[in-house]
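What TrEMBL says about this protein:
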- 255-467: domain 'Major facilitator superfamily (MFS) profile' (DOMAIN)
- 55-76: transmembrane segment (TRANSMEM)
- 82-103: transmembrane segment (TRANSMEM)
- 115-134: transmembrane segment (TRANSMEM)
- 140-162: transmembrane segment (TRANSMEM)
- 210-225: transmembrane segment (TRANSMEM)
- 258-281: transmembrane segment (TRANSMEM)
- 287-308: transmembrane segment (TRANSMEM)
- 320-338: transmembrane segment (TRANSMEM)
- 344-366: transmembrane segment (TRANSMEM)
- 378-401: transmembrane segment (TRANSMEM)
- 407-427: transmembrane segment (TRANSMEM)
Amino acid sequence: MIRSFKLGPRFPPVGTEAPPCPLSCSDPVPPTAVADVANPYGALFRAPGSVAFSLAGYIARLPMAMAGIGIITMLSETRGEYGLAGAVAAAFTLSTALLGPQISRLVDRFGQGRTLIPAMGVSVLSMGALLLCVRHGAPAWALFACAVPAGALPNMAAMVRARWAHLYRDDPRLHSALSFESVVDELTFVVGPAVAVTLCTAFFPEAGPLAATALLALGVLLFVPQKRTEPPVLPPTGGSGGGSGGGGSAIRIGALRLLTLTLVAGGVIVGTVDVAGVAFAKEQNMAAGAGVVISAYAIGSAASGLVFGALELKTPLPRLLLLGAVGTALTTLPFLLADSVRSLAAAVFLAGLFFSPTMISIMGLVERTVPAAKLTEGMTWVITGLSVGVALGAAVSGAMIDAYGPTGGFLVAVAAGVALVLLALVGQRPLLARTGRAKSPGAPGGAEIAGAAGAAGAEPVGRAGAL
């Protein structure tokens, strides 16, 4: 990009006094400034209350990764019917996908404190009823009747991101915060399922879902009282392009719909890796190697997320999204060439390197294109899109594997990669227009110039770009 600069005299005219230097050459560089450059993640947690809400949010989001697999393990252990177990878990997952954005919409309208505890209460009571039904051999319809309202658990990943956005709006530290949250998501979905399955098999069948329910209650009860970092309830902004204004749902915003569909495509790749990785390992007579393949994707994604968040990038977010999409699509092709579990794990690790940067770019675009009064709902929609994509990828790739073997499953990932690139291409013009001259991640922003107001928990500076 060619920029114009206004040239001026390098030295003051003869006979005039030079303006005083704002900093003496002998003044030392503040140690915190050096530390922030060396460790941008350490700088995140200097904001009062940031460590507390981040830890509470991690506890409260673990149930999202534990509940589904916990239900499957519980019912397969007690009823011996995998079809019933999968159907009840699917009802729960579909319920979370439908109810999550609506709960987040209520959060944007009434605040986290007034919304999260009632939603958590509905989920906890319903999950408790489901466990009692399983324990006492209730009929199948009762399991579905309990699983649906149990899906009312709030999307805590979106709640935590909304707090970071409140603290660091228009601040380059927000890029690092969103990157950090992407890594936390990966850690959640690596640890959560393993803990749930272990509890169900090592203790008693209901132990996994019971632990998930207890963690949800504990995490929300620790998270809600932290009022210092809670985003304020903002009035709806005036109408703007894409139906973003007024009291309607955030999903009416065209840019948000596009970003949600983009993460659906990304989720299909993730779901395909999970299912096809297991099938490929079994075909190679190394069933235990499936865990290595799936973990390789998570490790690659987490590692790239940490690195990406530490970079000071000048590229506009829509361009970063396109680059990430192209990289993600290209790295699905080596799946078709893998001839061993080791080579597939290497290919999957390479693909994972592009997933976190793509997701982080999408979250950054949500923060810039969705009005602040609807930000929690907007983030929940894209996270829901990812979950829907994972489920869709698992279902479609499973059918393809049954018909054509693991290669058929990997072809689903390739097709999803093509769709991801096409969606990113379609979104370039509208996203660039909507973000306007908004700052790229890592670029100095207005909040940085204004000082540490955001880090101190002050009211956020108005967002850049026309919304």
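Each Cβ is built from the backbone N, Cα and C atoms, and glycine gets one as well.
Across 82-103, 115-134, 258-281, 287-308, 344-366, stretch 115-134 shows the highest tally of CB pairs under 8 A with the transmembrane segment (210-225). Non-local neighbours of the transmembrane segment (344-366) in the same chain are 161, 174-175, 178-179, 181-183, 186, 255-256, 259, 262-263, 266, 269-270, 273, 277, 280, 289, 292-294, 296-305, 308-309, 317-318, 320-321, 324-325, 327-328, 331-332, 334-335, 337-338, 375, 378-379, 382, 386, 420, 431, 435, 441; each lies 6+ residues outside the stretch with a CB under 8 Å from one of its CB atoms.
Summarised as a single figure, the pLDDT of the domain 'Major facilitator superfamily (MFS) profile' (255-467) averages 78. Among the recorded stretches 55-76, 82-103, 140-162, 378-401, 407-427, the one sharing the largest number of Cβ pairs closer than 8 Å with the transmembrane segment (320-338) is 407-427. Listed by sequence, the residues of this chain that lie at least six past the ends of the transmembrane segment (82-103) yet keep a Cβ under 8 A from its Cβ atoms are 64, 67-69, 71-76, 115, 119, 140, 143-144, 147-155, 158, 249-251, 377, 380-381, 383-384, 387-388, 391. Note on the transmembrane segment (378-401): residues 90, 93, 96-97, 100-101, 103-104, 155, 157-158, 161-162, 250-251, 253, 256, 259-272, 274-276, 279, 359, 362-363, 366-367, 369-370, 408-409, 411-413, 416 of its chain, located 6 or more positions outside it, place their CB under 8 angstroms from a CB of the stretch.
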